[in-house]
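Record features (TrEMBL):
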- 87-570: domain 'Major facilitator superfamily (MFS) profile' (DOMAIN)
- 88-111: transmembrane segment (TRANSMEM)
- 123-141: transmembrane segment (TRANSMEM)
- 153-175: transmembrane segment (TRANSMEM)
- 181-199: transmembrane segment (TRANSMEM)
- 211-229: transmembrane segment (TRANSMEM)
- 241-262: transmembrane segment (TRANSMEM)
- 299-319: transmembrane segment (TRANSMEM)
- 340-367: transmembrane segment (TRANSMEM)
- 379-398: transmembrane segment (TRANSMEM)
- 437-459: transmembrane segment (TRANSMEM)
- 480-499: transmembrane segment (TRANSMEM)
- 547-566: transmembrane segment (TRANSMEM)
Amino acid sequence: MFPRPEQTPQCYRAIPIPTPIKDSPVLYLRNISLFLFTDATPNLPTGQLPLDKRVQCTENCARFTGKLHMTSASQVQASSATRRWGQLFAACLTGILIPLCFTGPAVVLPSINKALGGSAVELTWVINAYILTYGSAMMAAGSLTDIYGRKRVWLIGLAIFVLSTFAIPMASSVVQIDVLRLIQGLGGAAAFAGAMSSLAQTFHGADRTRVFSLLGTTFGIGLAFGPLAAGSLVDSAGWKWSFHATALIGVAGFFLVLFSATESRDPNATGMDWPGAISFTAALTLFTYAILLAPEDGWTHPLVIGGIVGSLLLFWIFIAVERRVARPMLDLSLFKSARFVGVQILAASPAFFFVVLIIMLPARFIGIDGLSALETGQMMTALAAPLLIVPMLAAQLARRFTSGLLSGIGLLLVAVGLLWLALALDSGAIKTALLPMALIGIGIGLPWGLMDGMAISVVEKERAGMATGIFNAVRVSADGIAIAIAGALLATFIQWGLFDALTGVAPDVVTNAANRAALGDLQNAISLLPGQAELLHQQYATAFRNLLFILSAATVLTAVAVFVLLGRVRAHDEPPLEPSDTLDLAGEAK
């Protein structure tokens with residue numbers, strides 16, 4: 001009735017068991033459940049199992065169900081492929097959610113202020129709190145994925161993210177929202193680090209390039225269209241639903257990860273480098289806090305200076321710790337690699353040449369140029385829309401050209417676009433800014449779809465979590481730093497112009513008016529300097545043009561660095577697989 005061991009096909013799916021299951025109903029049912037409802041593979045490929053155990057499992061399951069269950073190689077492959085696509089979709093949902101919570105809440109702030117009140121500082125930290133913890137915790141989260149499991153960290157991160165997001169609309173004060181946003185950033189860091197490192201273990205070669213291009217596209221969509229999505233929800237359902245909707249999408253992502261992602265970890269990991277993790281996270285937190293505080297209190301404020309000095313001291317402690325531990329969170333030898341350094345430079349570039357525009361252009365269009373929120377959203381579409389297409393196009397171009405070359409070309413396009421945008425805005429015809437904004441979006445879209453894969457490709461596969469953490473820590477920390485520096489430069493340029501043009505006005509009044517104008521709050525700036533509306537308009541326009549000139553020049557320098565350091569790097573470059581890195585029938589790493 002049943003095949004003898006020598007007749008058992010190699011494609012039979014079987015689970016080795018320690019004792020005959022017919023002697024124990026509990027083991028009997030357990031084996032049936034494992035056999036029918038999981039596609040977990042045994043430690044050894046099926047063909048290497050003892051034939052008697054394969055037949056024993058198959059026969060006993062057949063006696064219970066009345067039929068012989070067999071899983072062909074094609075069926076196993078189809079099931080595993082479904083899980084892989086589910087895992088990719090879950091990663092894309094994560095890639096949209098995390099940046100959505102970075103830019104979206106800026107639109108919600110007026111409604112939160114109306115509902116809960118709050119000072120200007122408290123409202124500002126609704127945005128800053130998320131940036132602070134997300135960027136500071138990213139590298140530690142990447143190391144945790146290597147040690148404790150990518151899927152596990154991914155799920156824990158999503159759970160924290162979803163629960164804190166659901167709790168935000170229930171807050172009774174802005175301070176409570178700030179605290180919840182701190183927690184939300186921690187969850188986001190763990191979720192995104194888990195998603196990226198999981199994909200790095202599942203997809204390889206050219207597939208990895210396409211997958212990370214798609215992930216980069218979704219991240220860009222969340223970042224660029226966050227204000228539009230949040231604004232639509234605020235207008236249609238109220239500010240609370242901008243958080244409820246985000247949390248509901250996170251719930252869907254959680255269950256996708258639960259049922260589709262496979263667990264993996266670094267087999268050589270020995271434990272978490274807690275001294276390194278604490279010192280690095282504290283250093284980055286203190287540095288980011290000081291930079292974010294500077295536009296509010298000034299660069300010479302004791303808290304700002306103390307924060308920067310303290311962060312440098314903590315960074316020194318971190319380096320000393322990493323040199324002494326056997327398994328450091330950050331392998332400092334990585335920075336001896338020009339390719340690794342180049343990837344970190346590339347990671348920071350969108351913050352200064354793209355994210356800054358997402359934050360500053362709406363303030364200009366609404367506060368200075370007098371456009372409505374709807375008109376501003378339509379204008380910003382020109383900047384954001386290319387991210388829907390260009391990253392995927394970059395993945396196709398990467399088949400013929402190196403990713404480093406494409407990234408450098410993209411940055412040169414951004415530099416041209418920034419220069420063009422400065423001239424277009426200076427002409428006074430706002431609509432002429434659409435074409436240069438589109439060119440900037442196209443240019444940044446080329447590296448956007450490639451740099452996630454490049455971040456993984458410059459290190460060994462087992463250190464993917466560490467590489468992910470470093471890459472995202474640099475990228476997100478650069479966002480907060482870039483916004484703070486650009487805002488400070490704009491305010492400084494306006495101050496210089498006002499000091500040259502005005503006499504007999506108290507310096508603190510001029511400084512306050514310049515800071516208000518830099519935020520797009522022209523009405524309050526005019527109230528501080530009555531009768532100087534035209535001068536404020538003129539100095540703002542001049543300062544904004546000079547800022548764009550500086551950003552354009554910096555983009556050219558960054559492009560040159562990318563050409564030199566990454567010109568020959570492909571996004572799917574990776575070290576050869578070790579003998580243990582075998583693949584199952586669906587192409588998943590064991």
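Keep in mind that glycine also has a Cβ here, set from the backbone N, Cα and C atoms.
The transmembrane segment (480-499) makes contact with the transmembrane segment (340-367): 3 or more of their CB pairs lie within 8 A, with pairs spaced 6 or more apart in sequence. Proximity of the transmembrane segment (241-262) to the transmembrane segment (379-398) is not established, fewer than 3 Cβ-Cβ distances being under 8 Å for residue pairs spaced 6 or more apart.
With Cβ pairs under 8 Å as the measure, the transmembrane segment (547-566) is packed most heavily against 340-367, out of 123-141, 340-367, 379-398.
Taken together, the residues of the domain 'Major facilitator superfamily (MFS) profile' (87-570) have an average pLDDT of 83.
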